[in-house]
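Participant: First the structure, then my questions, so here it is.
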Amino acid sequence: MNKPETALLALRMRAWVSTAGAHIRHHIHDPLQVKTKSSRVDLVTNLDKQTEKSLISAIRSEYPQAQIMGEEGSGDHVTDLSGLVFFVDPIDGTMNFVKQKSNFAVMIGAYENGHPLVGVILNVMRQELYWGGPQLGVFRNETPIDHVSPLALPDGLIGMNAGMFAYDRYHTHQLFKSCSGVRMIGSAGIEYIQLLEGRQIAYMSHLAPWDVAAGRVMAETLGMQLSRLDGHPLDMVTSGDVLIATASTDAAIRTIALAATPS
């Protein structure tokens, strides 16, 4: 996809996500139908499902040949990244949405033949739209973001999955002692925003492709490093333990996280 086509794609994605965010805000205090998925803390609501269906319908109207992977199962069964592929997370941070009515996001990532193309993340309640890609740059609304935090590990904050920290997976307790502190937000999209804004130096969690896709496009555009911590290569069709870190901290974090556990 050339630059004008990519710019048009980004414009459309921004419009789709903004419309979805407005719909969620309008209905945020309506009675919700809440169900559990893989566990009691893995929630889905009727608004998640409605939003995903609306986003997928909008995508198909403009890009009927594209593959679409959606968190709530309304899309395709994607097993390879040939052609144009969209990753849709209609409400990222559903627990936050249900319990807090804040700290959740709408995300869409677009890839072409496996290459990151455009990512869009909306902080729904703050109405802050982050978007961009390697051909376009990265923006908050219309303001360019052209650099990330230069802080070294001891001076920065790391976002983490709560379970990963509680069970000291990847030596997260040692990482806590080695940095300025850890934060646990409960939304990959909002965590990505902290990275894009330079408020954190890294984020590590167990993530699905739709959690990774949109933010990866922008993070890599700004020079951040993404990798799997569980020994598998980074791919966009399976879930895994992922580290997103600034270039100045990636090696130091990985050295601690992947150190052998003393017997």
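A Cβ is built for glycine as well, from the same backbone N, Cα and C atoms used for every other residue.
Just so you know, TrEMBL annotations are computer predictions that nobody has curated.
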Participant: Do you know which of D155, D168, D211 TrEMBL groups with E71, D89, I91, D92 in the Mg(2+) site?
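Facilitator: TrEMBL names D211 for this Mg(2+) site.
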Participant: For the recorded Mg(2+) site formed by E71, D89, I91, D92, D211, which further same-chain residues have Cβ atoms within 8 Å of the site's Cβ center?
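Facilitator: Those within range, site residues removed, are V88, P90, G93, T94, A105, V106, M107, A188, G189, A208, W210.
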Participant: Measure from the Cβ of E71 (Mg(2+) binding site) and count the other Cβ atoms within 10 Å, all protein chains considered.
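Facilitator: Its Cβ shell of radius 10 Å holds 23 other Cβ atoms.
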Participant: Starting from each candidate's C-beta and looking 10 angstroms out, tell me which of the binding-site residues D89, D92, D211 has the most other C-beta atoms.
Facilitator: D89
Participant: Name, in the order they occur in the sequence, the residues of the same chain whose CB lies under 8 A from the CB of I91 (Mg(2+) binding site) and which sit 6 or more residues away.
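Facilitator: Sequence-distant Cβ neighbours: I24, T45, L47, D48, T51, F97, F104, A105, V106, V124.
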